C-alpha cells in the first residue's frame, strides 16, 4: 500500500499526458500566458518612432537587471546574517552543547522525512491491469462465449480482437451478440486451466497461474505461432481507444430541456457523441457499472440487443461537462490524465465557465480545470483520474496559485492530499511568501498551521515581524469595513489615505494576534537583543520575557536551545536551514580545535527527569500516547466507530494495517528516526501511524485504531507486538501519576518472553560484557507467562525490562537467609518509607523453619522497588546532589550483623570467589559519597538496562535452588552502573580474611540482635564498637575497619539507615562492592595471591593494604564535587 507516496513528484508523471515541455513551462508562469502577457497580446501599435520604444526597453531592461542584482545581493546578505547570528550564539558554547544542538537538528530532520512521507501518503488507485483482471474474473458485460473442452468462457469481443490477431480473425466471422464459438487449438498439451491462463494474459498482460509449462520455451513458441505475439497492454488499449472497434455504447450530453427531446427520439449528430466499450467503462467506474447493470435488470438492455444498436447513456452536462468526457475516456483506456485532449469548444453547461464569462475573467487555468475534473472523478468513483488531477494541481502550486489552491483544498469537497502539499509549499517557501503580497491574503487558520510546524523555513525574528505586519493589515481591513459607504472609494477612504501606525488600536491588534503569537518561539529569536522583540514588548503584544532570561535554581541562565539545560517546557528549535548548516560548520571547527575534549564521552540526555518526584512518577515511554480505554465488564461489544464519526474497518483490513505498520517500523529510515529521537518515540510512531491510515484511506483522527487495537478487536492478536487484552483493575495503568502501591507494575512477568522490535538505544556508561556475563544471563530461569496486559503500538519499548515486584505490605519483619540478597526499602511506597524494620532470624535445625525463612526471603526479594531498575543512575544522582552539602564528620557505629557461612561443601570460601575474577577495566563513575557495604552469599547479576538480547530479558529474582558459580567458572561480579541497588558480591567486611570453619562452629557463631526503637541494632556486650572517622572534606574509605579479635564473619548482613540518609534517599544509594573493580594486577599475581589467601590467615594485613591502595586509586574519580571532575555535571 502507499506506493504512490514514496516517489513524489515522479509518481504523477505517468498519469499526466500531453506535452511535457509545456507542462514544465506552465508551472509558475501560467498566469502570464493566460492573462494576455504573451507575444500575441499587442495592445497598441506605433507607426512612427520605433527607436524610442527600443531605447525605453533597453533602459528598462538595464534597470531591471540592476534591480535583480540588488535583490539577489540582499537575499545573500540576509542568508549571511542568519549564519552570522547562529555563529555568534555558539561562540561561547562548549563543544558538547554544540554537539547536542546538532543532534537535536538531526533528530528533527529525521522526523521531517517521516512527516513528508506521511503527507504524501494516499490510498493506492486501482490500475488498468487490476481492473482488467477483475473484468475477466467477474464477467461484466460479456458479449461472446468461447467453448473449449465443453467449458464456456464468457469474454469480451473488443478486448480479445484488440489484443490477439487470432481472435480478431475468429470473432469477425460471428458478429452477432452472445455468439458461441467453439475453440479448436492445434497446440498440443493445452488443457482448460492453461487456456484460462492464456485468456487472463490477454486481459492483463500477466499469466494468472504459476504453471511450469509456461517456462518451457517450446510451448511458448508454438502458442505465439498460433495466436500471435501481442503488444503490451498499454499499447493495445490505446489503439482500442483511438479506433473504437466493436464499440457498444455511446455517451450523449444534454441539458435538462433537451432530455425530453432525447427520449422522444430526436437523435443528435453522431459526431456530437462519444463512443466507448461497456467492458472498459464498467471495469473502471462503479458509477457506469451500476448504471449498466440496472439497465439489464429493467430489460432495457434486451431492447438494444434486439435492435442491434449501441446502448445510449445520456449525461447531464451541468454535472459532467462534455469537454471533459474525452479526458475521462482517455484515462479509462490508458491510465493517463491528459488535459491537452480537451475539446476546443467550451461546454455551455459548465457553471464555472458561465460564472467566469459573466465576471469577465479569462479562461480557466490548468489547475482550475484539474480542480473541476477532480470533482467529476469523485462523482464517477474513478480514483485513478482523481489522483491524476491531484498531481496536476500539486505541480501547479506557486506563489500565484497558492491562495486559490489552499482555499479550494480547505473545503470539504477539496482534496486533503493537495491541502497537505500546499501547506508543505507554504512552510518550505515561507521566507519568500512573507515578503510578497500573497502573505496578507493568507487566512488565520493557514497561517496558524504554518507557524506551528517545526520545519518552517524562516527565522523566529522574521516570523514575529511579519506576523505583526499581517495583524496590522487585518486591522486596517476592519477599519475600512467599518467606515461609512460615502467614503468608500474616495480620497478620504482608509484604502486611499492609509492609517498611521500610531493610530492603530493596540487592544484590537492584540486580539487579532492572540492566537498566533504564542506559537512564536521567542526563546529562539536571534540576535538576542532583537529590536523586533523589544518593540513588540513595548507595544504590549508580548507580555512575558523569554525563558532564557529567567534565572534557574542553579543561579545561572538556562539555554532554551538545549533539551538538558532548558528551564521550563522544552520546545525544539525549528529546522531552519541556515541555522542548521552553520551549527554543523561550527561543530566541525570546534572538533578540530578541541580534539582532547572531543575524546571525552558526549552523553546525550533526552527527557531526563530533573527532580525526584518525576523519577517516582516515571512510566514506560509507550504509555503517554495511549488512552487505555479498556472494555468494561458491563459493555457487551467493542465500539463500532472511532473518534465518534469514523466506522471501524473490517478485521482483515485492520490486520493489513498492523502488518503495514510493522513493516514500516523495520525500515532503516524509521529505525534511524527512533535512534535520533530518544525520548520522542511516540512522535515517530505517530508519524508512521498516520501514514498507514492515509494509505488505507482513513482520517488522521482514527489513530487510536493503531494505538490501541484491542479496544476494537478484543479477541484478536495482531502480530508479535500485540498480546491479548486482559480485564484490568481500575488504576492499573496510570499515565503521569503516582501509581498505588498495590497495583504498580504487577503482572508483568509475561513480558519476559515478549520481544518486540526495538530501535537501537543510546549507549551511555555501558560496562564491557564478558563471556561469563552472558553465560550467567543465559542461566536465568524463565517464569511461566501469565495474562498479558494491554499493549500499544505507539512506541516499541521492551516491557521485559520491567520485572515483577510488589509493594511491601504490613507484616512481620522479613528474614534474610545467607543465599538471599537484602533488598533496600522501596522509596516509591508511601507506607513505612525509610522505616523498614529488619531483624536477623535465628536459624534452627528443623526443615519447617528453614522453609518458612526461605519463603519470607523470596517475598522480600520480590518487594525490591521497580524504580531503581528503571532509572538507577537518575535516582542515585538525585540523592547525591541532595546530600553533597550535608557532609559532616560522623561517628558511624558499625551496625552490621554477622552470621556464619551457610553449610557448603569443601572448597575455597564463597566470599573469595570474586577475587580472581575482578574486571580489569577500571573506568567508572561514582555517584555517592556514603558507600555502604552489602554482602550476600549468592552473587547475582542483574540484566543490563541497554541489553535487549533474549538472554537479557529474564527475571532477576533468584530462586533458592540456584547454584552459586564456582570460582573456576570465572564469573564476573563487577559493578553494574545501571543496577545500583545490588549488594556487594563478596562477604568481605572485616580487615582480615577468615579461613574455613566447621559447621559446628558456624552454628555456634550465629546470634540474634534485637532492634531498638530508634532503628539501630543493639550489640552484645563482648563485641567492640567499630569507629569510622570521616575527615573534612570527607573522603571516606569504602571498607570499614573491623577489630581483629572479632572472628565471626558471614556473607549475609543487613544494612541499617545512617545519619545522613533521609526518608527520601534511604535505599537509593548504591551498594558499592567491597572489592573494587580497579585492578592492575597480572593474572599470575592474582592467582598467586588467591592461593596464599586460601592457605592461612596470616596474609590479612597484606590484603588490607592492597584494598586500601585500590581504594586510593579509585578515590580521585569518585566525588562529583571535585573541581577536576572529568564528566560534565548533568542537568540534575
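Keep in mind that glycine also has a Cβ here, set from the backbone N, Cα and C atoms.
Swiss-Prot lists region 'Disordered' for one of the ranges 1-24, 25-48, namely 1-24.
Taking 174, 577, 984, 1012 one by one, Swiss-Prot attaches phosphoserine to 1012. Within the set 345, 637, 722, Swiss-Prot records phosphoserine at 722.
Remark: secondary structure over the domain 'BACK' (413-479) totals 50 helix, 0 strand, 17 coil, with classes taken from DSSP. The domain 'BACK' (413-479) scores a mean pLDDT of 96 in the predicted structure.
Mapped onto DSSP classes, the domain 'BTB 2' (247-341) shows 55 helix, 16 strand, 24 coil. With DSSP states grouped into helix (H, G, I), strand (E, B) and coil, the domain 'BTB 1' (142-211) comes out at 28 helix, 14 strand, 28 coil.
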